[in-house]
Amino acid sequence: MLSLKCLSKTTVSTACSSMRSGRLSSVHVSGEPNRIRRGLHTGLSIKDDTHCRPERRVCESVLEHFNSQYTEELGQVWLSAREVLLNPHCWQYGVLLNRFSEHLDIKAVLKSLGYHSLLSQPDSPKARAFQCLIHKDAVRLPTQRHREGWLKQYYLLNAASLLPVLALSVRDGESVLDLCSAPGGKTLAILQMANPGLLHCNEVDKSRYEWLVKTLESYVPRALGDTLAATNEDGRDIASKKPEMFDKVLVDAPCSNDRSWLFTGGAQQGALRLRERDKLPQLQKELLCSALAAVRPGGFVVYSTCTFSRAENQSVMEALLSTSQGVELVELEEDLIGSLSGHFKFAHLQPPLGHLVVPEQGRTWGPMYVCRLRRSS
């Protein structure tokens, strides 16, 4: 499929469970995933993974830590978000359509199944190139298998993860760096909304880097290989090699990843995660400094995480803005936030730096924190 410049170094209905003291009780799931299978007349081999998924076990030590921190930082918002995070069967999934796929009939199929567009202005140029469909219920399409010679039709994701890409607002011909790219969903979203002159995707972890490359091979045509570069190196080192080379940089930083960390496993693994958590803000600041050195004066850097943690979100921004010259905060456009407010719940942050999407019943998107910076000199 794609030849990369690789450089080393269903409709499913859900009865959501009840919660007691932040713990998950029983869940009932029923549905008809074969309806979706029959609707996709594409010739592709697809796997139905909406059926008989194993239950996940909550890591009690992580949950206890989150309860303590987030009750203080978010109050009632955390209590409602926790109910969603502890019940994966209630999670909604966005369907990012792949404009490079030959099988374009899927949009009509999905709309017949009750899906609708995430973006509120489907006639705008951005919406035509960036097509994400969502459903009001907790439905999940089957995951498509990788097949040589085929490009997958869609990518399943938490729709809130598209907010950083919308904030970056890449235009045709721009040079873009995706500093922490794996597994590749935001990279794919960038390619759905624009044709960058260069899209440099980087991932420091070797196994995740291989996952990134596989994702690109599964979704992106070979003809775009000359505009894509994939590297497996520490994002903190890229600025020294490519100073002021990019128009825009996305830093989807390593973070506590609240959704997955709640299901880390046993107490030992949970303790390891919590020790790792203390080191994350410093790493995030260093990655941001690298991004700001790699972007051209006048260029934009978008920082994002998938955690509620103030230490990894607003505090990182506060520290950066107080110690860095020639950097300014740029608020997201009101029309963008307004167009998404019907789908996403935005928290009121203190301090008011950036935007945080928080999940709630019926709108289970998030957590996703986004903040945009501009290098002024």
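Quick reminder: no glycine exception, Cβ is built from N, Cα and C everywhere.
Here is what TrEMBL records for this protein:
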type: DOMAIN; residues: 85-376; note: domain 'SAM-dependent MTase RsmB/NOP-type'
type: BINDING; residues: C180, S181, A182, P183, G184, G185, K186, E203, D234, D252; note: S-adenosyl-L-methionine binding site
type: ACT_SITE; residues: C306; note: active site, nucleophile
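Counting every protein chain shown, the number of other Cβ atoms lying within 10 Å of the Cβ of A182 (S-adenosyl-L-methionine binding site) is 25.
You'll find the Cα of D234 (S-adenosyl-L-methionine binding site) roughly 20 Å from the Cα of the residue listed as 'active site, nucleophile'. Note: the CA-CA distance between C306 (active site, nucleophile) and K186 (S-adenosyl-L-methionine binding site) rounds to 13 Å. G184 (S-adenosyl-L-methionine binding site) has a Cβ environment of 25 other Cβ atoms inside 10 Å.
Taken together, the residues of the domain 'SAM-dependent MTase RsmB/NOP-type' (85-376) have an average pLDDT of 94. Around the residue listed as 'active site, nucleophile', a 10 Å sphere centred on its CB holds 22 further CB atoms from the protein chains shown.
In the three-state DSSP assignment, the secondary structure recorded for K186 (S-adenosyl-L-methionine binding site) is helix.
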